[in-house]
Amino acid sequence: MQRMSLPQGTLFDSDTPLALGSHAFVLPGLALPYVPELLPALDAIQRVAPFRHMVTPGGFEMSVQLTNCGALGWVTDRHGYRYTAHDPATGQPWPPMPPSFLHLAREAAARAGFDDFTQDACLINCYEPGSRMSLHQDRNEQDLFAPVVSVSLGLPAIFQFGGLTRSGRPARVPLVHGDVVVWGGPDRLRYHGVLPIEDGLHPLLGARRINFTLRRAA
Ligand code: MD6
Ligand code: FE
């Protein structure tokens, strides 16, 4: 039998970016070299600004727990969705953005064709088995073309990626520890969500999936 050697960048190379749209990409494993810096930084953030369940304007408690770092943090309560400079739970500013987050975001954005964006906000989501995120658009930021960089750690997830309206069946994209998704420009308002996380134990994060998304909010 003849062995095939695949050139770099073929469909079968697991490191190849996967295009979800003209300006939306999955970058498999891009965060892996950053993990030794990301995990202690995440621990330090949650000691100052603990994960908590927030309530939607409709009165539903989210199954995902949230916190933030950076100049601005995304919050939701009975009054709506918005960005705040202070953690409503403590009255303190959100913890500063760790340099490793910014370095990773810069590399990811550049690989997706977005140069010179700096992020002032980072929303951190903690999923336990069964937690999910229903289909939504991210539209609380000033510039709805600037890219979002989304980093997945811990348990795997099925990410749903749909169109610019709620109609139609969204694509299902498996994401694992270390994967990064970037989208912006004309894809920035695509509907997306996360199916319920399956039971499991990740060697570094246990029964959790952590996803953090960096954006330019103001
Ligand atoms: C998640 N992510 O992956 C949820 N939003 O846990 C998001 O809602 C999201 O990954 C905007 C851009 C990238 C994302
Ligand atoms: Fe989102």
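From the backbone N, Cα and C atoms, a Cβ is placed for every residue, glycine too.
Remember, TrEMBL labels are computer predictions, not curated facts.
Of the residues proposed, HIS53, HIS79, HIS192, HIS202, the one TrEMBL records at the same Fe cation site as HIS136, ASP138 is HIS192. When pLDDT values are averaged over the domain 'Fe2OG dioxygenase' (118-218), the model yields 97. Proximity of ASP138 (Fe cation binding site) to non-local residues of its own chain (separation of 6 or more, Cβ distance below 8 Å) is seen for VAL148, ARG188, LEU189, THR213, ARG215, given in sequence order. Fewest Cβ neighbours within 10 Å among the binding-site residues HIS136, HIS192: this applies to HIS136. Across the domain 'Fe2OG dioxygenase' (118-218), the DSSP tally of helix, strand and coil residues reads 3 helix, 44 strand, 54 coil.
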